[in-house]
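TrEMBL has this to say about the protein:
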ACT_SITE  His67  active site
ACT_SITE  Glu116  active site
ACT_SITE  His120  active site
SIGNAL    1-27  signal peptide
Amino acid sequence: MASPGRGPARWGPALCWALALCCLCGAGPLWSGNHEWKKLILTQHWPPTVCKEVNSCRDSLDYWTIHGLWPDKAEECNRSWHFNLDEIKDLLQDMKIYWPDVIHPSSNRSQFWKHEWEKHGTCAAQVDALNSEKKYFGTSLDLYKQVNLNSVLLKFGIKPSINYYNISDFKDALTRVYGVVPKIQCLVPEKGEQVQTIGQIELCFTKEDLHLRNCTEPAEQQKSSRGAAVQGMMVCDDGPIFYPPPSKARH
């Protein structure tokens, strides 16, 4: 027969391990679920197309702006890490110019940044170079200025026009300058329209050292087709493309 107190003694080590595990789980960022990712996607969008897509905008800007810096295959990695505008007060001047909310007319437009931080920034923060709000938004601005998309397109004579381009005009220019394959997304034609409208350009970076890399690997090319989508922005088809001038340029 077991002696009194032997049962609790037997469970003692197990309880200690359980308590230790709880303590470890409570330390550090509260990452939730599986959030492994391999590359960062700097997504820039063309405001006139964004305005056309949502059919509600302030006066269109006449330059490409930041949509976000997105880890692939990861979203909302730490729901307890809330956005704090004070953390990026030193960046606000550039944020309002290069990362504006072109859709919502809020006074400081911070809801857009809040969304990008909580959905994408909390995942990018797994990398030391992006592990705070200031680093995440500051690095995004640095990458935007580094690739200088607006100037690159103008260098090749690609500017908003009522005449159509071919998607290859964009692909060839970007690949020639950056040395990597970007991903270009278009707004699919609405009823009565014949041509897709360019909307977003994605340039991808390595997770480890933030160097430009291909957005898609050769084996992934077949997965980039538009498929059965009938609305919204999807990977552009080969062929003609509309690069719409802003309805009211604002400098």
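Placed from the backbone N, Cα and C atoms, the Cβ positions cover glycine too.
Annotated features, which come from TrEMBL, shown on the structure.
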residue	record	CB count, 10 Å
His67	active site	21
Glu116	active site	23
His120	active site	23
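The two recorded residues, His67 (active site) and His120 (active site), have Cα atoms 11 Å apart.
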